[in-house]
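Peer 1: Questions regarding the structure given below will be posed in turn.
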Amino acid sequence: MCQDMLSFYVYFEASLAPLFILIGLYGANNRDKASDYILIYTLFSSLFMLLAIGTYEVLIGNTDYQSISLVVLNTDLQCILFICLSIGIMVKTPLVPVHTWLPVVHSESPLAGSMLLAGVILKLAIYAIIRLILPSLSDATVLYTPVAYLICVITIIYTSLITLRQSDLKVIVAYSSISHMAVCILGILSNNIFGINGSLIMSIAHGFVSPALFIIVGGILYDRYHNRLIYYYQGLITYMPILSIYLLILSFSNIGTPLTVNFIGELFSLTGAIQRSTIIGIISALSVLLSAAYMLKVTNRLTGGIKTPYISLTSDCTYRENILMISLIIPTIWYGLFPNGIINMIWQSTRLLYIFIILR
């Protein structure tokens, strides 16, 4: 609801305060390290964003969105402001090479912190691009999109390959979040309606699927066995069939399988990226293959085979856990089957944003 950049910046940074408190009070053994990562990365990157906002204040006299969007700045100044704002957004997304804080924070934070970070805080980067960059820095966006696309492709491939080598289940989900957010950035910077819509849809889809996966690996399984290693589990389908069904649905959703809202988001985002840059878009489509590789690895290991000797038989999902999982799975499937419900909500606003960018 903020109508000026300064207020947005204040709340943009304040959003990390609850996460910082949750980690400090309820985090794992290395919670101090995770808290330091949040402070160092976000405070450093925020200085550049604050510098850009201060420049707007000096040049225009205020930081109101409407006033800034109506002012046409010269290209050199737009490029400087674009770089400053992008540094802050890049850390929040995050993209390579400033992504290292996210797996550490996820692995040390409690379940509530991981859900908050994956479901809400990461999406602020997409909103920041829509609010701060696209309306006022359109020329710089066109110039720097190839660089941003290259960073996104490196992020997708690198984090996906790293995910295949991880053994901590929470870290696997954390790295998958980085890869999917890079696809969102590809869509939002595509400079066409398909890409912008796809980025928003995928952000919403990721806000359902990623917290649900964290509930499974960091909540349900960890509460029962106090272990997050992937090699600790096997054969869950024999004595936890309901949990296994949830895991299968969410794994295929995270891959971007048809009939899920993630498929709509990835399809639109990659279509927009291909329209903007055919080669980069095609390479980015590897994200579907790579995400299938690591998610099927997790699903096959946890649900397939016979029970490992390390774990004892436990009860399946409780009533509370079923409510949590169903409340996140239903929107994922519903909007995958009937995507017009979510497309109609955002199509008009993205169309107006696209027209405004073109007319500038």
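Including glycine, each Cβ sits where the backbone N, Cα and C put it.
Just so you know, TrEMBL annotations are computer predictions that nobody has curated.
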Peer 1: Which range, 38-56, 342-360, does TrEMBL list as transmembrane segment?
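Peer 2: The range carrying the transmembrane segment annotation in TrEMBL is 38-56.
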Peer 1: At least three Cβ pairs under 8 Å linking the transmembrane segment (111-134) and the transmembrane segment (6-26), pairs spaced 6 or more in sequence?
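Peer 2: Yes; at least 3 Cβ pairs under 8 Å.
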Peer 1: For the transmembrane segment (146-164) against the transmembrane segment (6-26), do we get 3 or more Cβ-Cβ pairs below 8 Å once near-sequence pairs (under 6 apart) are dropped?
Peer 2: no
